[in-house]
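Reviewing the structure listed below.
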Amino acid sequence: MQEFSFIRLNELILLIYLFSIACYFYDFLKKHHRIKMIGFVSLGIVWMLQTVSLSLYVNVTKQIPLGNIFDVFFALAWLIISISIVINVIKQINLSIFLFNMIGFLFIAINTFQPMHYQSTGEKLNIINELLIVHISLAVISYALFAFAFVNCILYLIQYNNLKQKRFDQKYFRIGSVATLEQVVFYSSLIGFIFIILSIVLGAQWGFNTLGVDIIIDPKVIMSSVITLLYGIYLIFRVKKILTKHKLIYFNILLFCLSMINLFFASHISDFHQWTGIY
């Protein structure tokens with residue numbers, strides 16, 4: 001019962017934490033003070049709940065959470081949240097707080113869905129299955145965001161062609177400017193990239209507990225890692241202005257096509273997502 005309550009408490013922390021991070025990201029994009037305050041209050045709630053969680057852990061185990069790497073991750077996440085709250089009060093650095101807390105969120109997620117924390121086989125199987133659900137959910141969200149970026153890439157090319165041909169009809173004004181469309185592509189890809197990173201890390205954790213080290217040579221894992229790396233390259237090229245935005249639109253379209261190939265074809269030759277149990 002204690003294990004079950006601890007899992008649910010940490011899952012609640014993750015949900016509120018994700019909501020807080022989303023608020024900070026929205027404020028970074030739109031400079032919305034009220035949303036930022038909601039994010040800050042949510043972060044404070046996360047800090048209080050995690051403090052309770054850490055206290056319960058110490059009280060039950062009679063030891064500080066430094067016994068293994070997963071416990072260290074949990075303690076580090078608490079420290080990250082504490083530092084974020086202090087920074088938020090002293091200085092306004094929205095992007096830094098957002099990225100800093102993404103690391104904290106990842107640490108808590110890894111700790112929460114670590115099966116070896118739990119004694120009974122039933123609880124271990126439950127947490128492994130929940131880990132798989134979270135991994136797949138994050139991957140689906142990332143694919144949806146990449147698809148949204150792809151749609152806006154197509155609209156960008158249509159609008160770019162309209163500009164070249166000086167075709168300013170009613171459809172032109174409905175679509176929006178090429179600058180706006182390109183920004184939507186960038187931010188959709190950025191958020192999708194963050195979600196796919198989280199998905200891969202949690203998926204790797206699930207894989208090591210089910211398939212073992214064979215997960216490293218799984219075709220889907222390799223393909224997903226390559227695509228994630230390429231999306232990272234796209235983001236770097238966009239931020240550093242290494243390639244023109246127009247060329248990067250074509251690059252983004254190519255990446256989405258690769259993602260679809262990975263989704264529909266690599267799955268048929270992969271053992272990933274087809275196992276349940278403890279390795």
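Every residue number used here counts from 1 along the chain in the order it is shown.
Glycine is no exception: its Cβ is also placed from the backbone N, Cα and C atoms.
Caution: TrEMBL annotation is automatic and unverified by curators.
What you are looking at is a predicted structure, and each value in this text was computed from that prediction instead of being measured.
Database features (TrEMBL):
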{"type": "DOMAIN", "residues": "67-266", "note": "domain 'Cytochrome c assembly protein'"}
{"type": "TRANSMEM", "residues": "6-26", "note": "transmembrane segment"}
{"type": "TRANSMEM", "residues": "38-60", "note": "transmembrane segment"}
{"type": "TRANSMEM", "residues": "72-90", "note": "transmembrane segment"}
{"type": "TRANSMEM", "residues": "97-113", "note": "transmembrane segment"}
{"type": "TRANSMEM", "residues": "133-158", "note": "transmembrane segment"}
{"type": "TRANSMEM", "residues": "184-208", "note": "transmembrane segment"}
{"type": "TRANSMEM", "residues": "220-237", "note": "transmembrane segment"}
{"type": "TRANSMEM", "residues": "249-269", "note": "transmembrane segment"}
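With pairs at least 6 apart in sequence, the transmembrane segment (6-26) and the transmembrane segment (72-90) have fewer than 3 Cβ pairs within the 8 Å limit; the two do not touch. Just going by CB pairs under 8 A, the stretch in 6-26, 97-113, 133-158, 220-237, 249-269 that sits most against the transmembrane segment (184-208) is 133-158.
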